[in-house]
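The structure appears right after this line, and notes come after that.
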């Protein structure tokens, strides 16, 4: 372990490697999330904003601010802290803006800082009716045009939109209307204040007065932020603070209101899984429409193409009803019309809305192609009715079969797209539906057990987990021992031993023993919920490579329409003037219809959908697969950058090493006794949470017990000060005490004797860190601290080299220790004695040489370097700063996942390129064939209905290509020597 982060007070214990702190996903732009509370008797939305006011010198200043702001119309309440100037203010945004409040404070002569200029809320919508990239771009444009919307991201494959907006200007209703005005359906999935929200079904509510009673009672309950009652559905939705209350407490609060004959009750409302139910509904819709279409289309095909060839069975179809109008024409017209205008209505609506938005999509091509075939056939019918000498052949089967095959293709596409989110669905389903809640007496004995819904668990609840059952939420083991399988969440195949004090993750499976767990994170705060949120966000993020499809989609449809027109004219004009043999034209057609068939085929074979699905489907599958392997990739941008990485920079402490330092020895260089030396050292390090500091405190306590002293009292330490990358200093009994590395001693001119130099040199050669302790300006002693290298480190560095990736180590530790560690793991390039900001500078130096750099750190003091790197990988996911700064979060503290992340990104980008080659190649090859380029040489002609089938197959093939990523295996599984891959699945 190094001294590089000794000055940082935030650290992660080795036992906390799997804990994801709250919040995983921050509010966009760092905006303050306002709490929306309901004001009884009115519809105004009260918001809370916090900020800091400078220039407050006494209590009268705070009173002046409160008076100046309190008299503003629309301000509900204001509270100002005299000590720090922290101000909390409630206001009604419809009556006053935050900007006017800020001006009022500044007019009173005070300085306002940390003032959120705007509230940023986030919501997600399910978007219906998107078929291709053009559709998703249209939705994005429609959302961006809404006043108050700051950012909108639409995921085509996920069929969702994530919107960042100012709730003071707009709301989810207006955003939803904008989507619907653009011609798409939309349903709200989650709003900004859904972090801790529960829905309850009410009992005994018969009149509006009952609902008002329950609402007012709940609003007055501590911890409740917002209450919304749907009287018609007898349902109440409550937003609450999980630190203060929970679902069971809220149910009990409703029951307590009962008086006499007025009994009120509540039970948990479990809505159907929206994504799953909507997907099933979409599947049913396409399946039913396809089957209904076949009911009409196949008879048309039979009457027009099969029976006429089976003489004499088809002879009756040529019987004339009037002039040249036959029974076959009548049947084709009757059967095709419902398919064209009722079953095919969705294509008309899609084309209308696309053209209304001044864009074009697949629906436009389908509508053009089928309408051309249908109305040309109607023209043939009219001519046949009006002339007894007209000879022509209708194309009703073309229109009907084309729509049928496209519906079949859309059905198969929805099935395939549903498979892309299988990994995410499995993660979502990991948490059990119920849990065994127990009550303990003062002696720790179980007094009662009750099976409750997992969603009713509150913080600090205690639940029992028997062998074979799942852990419902994140918590800490308080009793019992067992082995827990966390492979579904972390990818760690081996069951992990759990004892009292150890943390467990919701969704993990208890293997053998019975354990009692105390809930620490519930609802959206659990690690599993945060992983799901991160993966969902990643699947919405658009990869830079997607820009190719976006650019093509802008002019794809117009080019196809132009190509179809040129194709039609290219066959019609030569046919009319006799430039090609008449025998080329089938007997049942004339030159016009012959040319028209080629034009329609070009229209319907071109497929913009395949291009639009090439990237997002691959990203969806890859991020879901990565999550199941314990690698959380934050979207397509991180995937695309990762595959280009040529240099990986490793932090040493907690990354290449285990991060669990231990003191292996202590030596004195002065007249102080070992007991006095330990007391002073422990007193200085007691205020630090750095792992080395904790190791020293633990070691000194052990020595004190060895000396027969069991007291926990340490000398009083004053003026505690951290020195970045060097150590700490305090004043104890009037003397300055320094605890840190060589640099700290030199900064305070503490002299080095030969004895000290020799001790430091000997231990650094052994890859140990020397923590020196100076008292009164003289080095009194030192601790030798070791932090063993992770067993997989050498193999990971070697494997990266085989992938053409160089490895570099950067650390704040001394050169001798750094070189000893680097030699052990096989890293050639080392930068030592580097502070956190210096690490970021090293990253920038490498980038200036044209290198694509990935930084791997534990997130304690590596955030500047993680941000500076092209790809930041937070290993262990232990702190908020790691999650925020990193592009990729590795749930386990396992270096092998660095290889998994880079290798998976390479496979994904390769798959995306294959998808583009397939989609573009299909259009590049398919359109000329449909246009008849091979017909003069081979006689091969692609009928429109077959061209439509090919178009439908192209989208399905691209999605199926992306689904191949589900079979991805970790690269080290196959390459590791026999017996060395202990974690292989």
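Indices start at 1 and increase along the chain as displayed.
Backbone N, Cα and C define each Cβ position, glycine as well.
Whatever TrEMBL says is automated annotation, not expert-curated.
Some features that TrEMBL has for this protein:
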type	residues	note
DOMAIN	47-113	domain 'HMA'
DOMAIN	121-187	domain 'HMA'
DOMAIN	196-262	domain 'HMA'
TRANSMEM	290-313	transmembrane segment
TRANSMEM	325-343	transmembrane segment
TRANSMEM	364-386	transmembrane segment
TRANSMEM	398-416	transmembrane segment
TRANSMEM	555-574	transmembrane segment
TRANSMEM	594-615	transmembrane segment
TRANSMEM	916-939	transmembrane segment
TRANSMEM	945-965	transmembrane segment
> What same-chain residues lie close to the transmembrane segment (555-574): Cβ under 8 Å, and 6 or more beyond its ends?
Replying inline: 134, 360-361, 364-365, 368, 580, 591-592, 594-596, 598-600, 602-603, 606, 608, 611, 927, 930-932
> Helix, strand, coil residue numbers for the domain 'HMA' (196-262) per DSSP?
Replying inline: 22 helix, 22 strand, 23 coil
> If you count Cβ pairs under 8 Å, which stretch among 290-313, 325-343, 398-416, 945-965 touches the transmembrane segment (594-615) the most?
Replying inline: 945-965
> How about the transmembrane segment (290-313) and the transmembrane segment (945-965): at least 3 CB pairs under 8 Å, pairs 6 or more apart in sequence, or not?
Replying inline: no
> Near the transmembrane segment (945-965), which residues from the same chain, at least 6 beyond its ends, have a CB less than 8 A from one of its CBs?
Replying inline: 366, 369, 397-398, 401-403, 405-406, 408-410, 412-413, 416-417, 419-420, 600-602, 604-607, 609-610, 613-614, 617-618, 620-622, 625, 907-908, 911, 914-915, 918-919, 922-923, 926, 930
> Going along the chain, which residues at least six beyond the ends of the transmembrane segment (398-416) come within the CB cut-off of under 8 Å?
Replying inline: 279, 282-283, 286-287, 289-290, 293-294, 296-298, 300-301, 335-336, 339-340, 343-344, 347, 366, 369-371, 373-374, 377, 597, 600, 604, 609, 613, 943-945, 947-949, 951-953, 955-956, 959-960, 963
> Can you give the mean pLDDT for the domain 'HMA' (47-113), rounded to a whole number?
Replying inline: 73
>> With helix taken as DSSP H, G or I, strand as E or B and everything else coil, how many residues of the domain 'HMA' (121-187) land in each class?
In response: 22 helix, 24 strand, 21 coil
